[in-house]
Structure formats: C-alpha cells, structure tokens
Amino acid sequence: MPFDFRRFDIYRKVPKDLTQPTYTGAIISICCCLFILFLFLSELTGFITTEIVNELYVDDPDKDSGGKIDVSLNISLPNLHCELVGLDIQDEMGRHEVGHVDNSMKIPLNNGVGCRFEGQFSINKVPGNFHVSTHSATAQPQNPDMTHVIHKLSFGDTLQVQNVHGAFNALGGADRLTSNPLASHDYILKIVPTVYEDKSGKQRYSYQYTVANKEYVAYSHTGRIIPAIWFRYDLSPITVKYTERRQPLYRFITTICAIIGGTFTVAGILDSCIFTASEAWKKIQLGKMH
C-alpha cells in the first residue's frame, strides 16, 4: 500500500454539505474580520513608528570631548554699553579668564545704549561659573544696569528631535527687564549629560539642566559690589540616554498571528455557544408544542 503524504495534514477539510451556515455566524464572522483589520492596522502603525526609549546610568558619555563642554550663550542687556560688557569664566581646576573674546560677538542695541552678547565657548567638566559683567572694562561705571533677557543658554549639541522634550534651553526667554538695575543675578544650574542614539547607532551628546535663581544687591565693607549675571554650574553624575528603536519583524509577525488566531478562536467559541443555545431553545419550543 503506497504511503499517503496527506496523512500529515492537521487541517482536515470538512465537506460543505456537512456544514450549516447561519445568520448569527455571518454577523460574527463580519465583526471578527473588522476587529482583526482594526488590530492589524494598529499593530502596523506601531511597527512603522519609531519608539524612543530612555534610560539612566552613571557614566561620562562623551569621553572624546577632552573633558570639555561646549556652551552657547545669547543674552541682551538693553541698558549697558557694549564696551562695558564682558564674559568671565572660572572653575575649580584653576581656570580664571576675564573678558573672554574667542567666538563671541557684541551687537549694539537701542542706538548703542544697550548690547546683545552672543558667545560660543567651552567649560571644563568640573563645578565652576561664567558670568556677564563689567569686570573686564577698562573703567567701571558708577551704576551699571544689569537688567537683561536671556535668549539662549545651551550646552553640547543641539537636538532637533520632536519626541524628546527636555530642558535643553531652560533659561531661554528669561526676562529680567523689570528687576533692580543694580542687582546681581545668580542662576544655579544642575547640568545633566544627555545622549541621543538614532536607529543607525550614531550618538549625539547634549546636556539638559535645571535652574534656580536669585536676585540681590551685594555689599562689602568697602561699599556696594559691582553687579553681575552669574551662571554657577555643577554636573550630575547621572546620564540620560534616549535610544531610537523599532519593533523587530519577528515580534510584529508573532503579534499578528496571535491577533488572527485568538480572534477566530474566541469568535468560534461565541458562535458555537450561540448556535447550541439556539438549537436547545428550538427543542424546548418543539417540546412545548407536543
């Protein structure tokens, strides 16, 4: 007797003349197909969409930076002449630079009455500060007006990613024009290293920061201290990492199979229960007639 390969068929076919279609079964089948289509489109959207996962760890992510952080500062002082405005940088490694001028620009405002300072510079990865003041001027004014507007203060690379909402420019738009002109301003920054890794594995290094500020008029035994706009910073040991991920194909296929199989199974059980109940009700009705 020849071996029949069809014995391996676990999906045995039932002749159509042995099956019975019903209106209930047709309704359940249509609803079942619509439900499967809805879930399939939902899973397909999730499969196509790039997911951004974040994690925290303790590390210095950008080890190739030479221990430096790039800073971008853009600030307007509408009541202080440009020849008086200067940027000073100092930190705990002994750096003390008065009147930093590299990669910086001063733009006169209000017919030369005010000044807009734009600067690109780097700081060491240690606690320190940089401040806008008149310390580097050849002659100190009697009453320097330190009212200001901060347009931008950012660290590291600029991340233009829609799904990442962080404090990369937390001081952007800070308006201190109504403050005491003779007051100093202290901005206390806590800088958090941030890494963004796209699907190709390319990493970009930026920094978020939180900020607290205070305004005060300082005095010493010799009289009032020259006001300044201080940005005092410290680095957090915690790094935030954002990673672009896309659902793997095998997981998408597994989910689709589960949706189709599960929906058909549940629909089959529901149809069977309704059909059985309907047949039992018919028998009861026939029994009452007899």
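Cβ coordinates come from backbone N, Cα and C, glycine included.
Those TrEMBL annotations? Automatic predictions, nothing curated.
Since the structure is predicted, the reported quantities are computational estimates derived from the model, not experimental observations.
TrEMBL lists 5-97 with the feature domain 'Endoplasmic reticulum vesicle transporter N-terminal'.
Annotation source TrEMBL lists transmembrane segment at 20-41 (among others).
Marked as domain 'Endoplasmic reticulum vesicle transporter C-terminal' by TrEMBL: 110-271.
The feature transmembrane segment is assigned by TrEMBL to 249-270 (among others).
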Same-chain residues at least 6 beyond the ends of the transmembrane segment (20-41) whose Cβ lies under 8 Å from its Cβ atoms: 256, 259-260, 263-264, 267, 270-271, 274-275, 278
Confidence summary for the domain 'Endoplasmic reticulum vesicle transporter N-terminal' (5-97), mean pLDDT rounded: 86
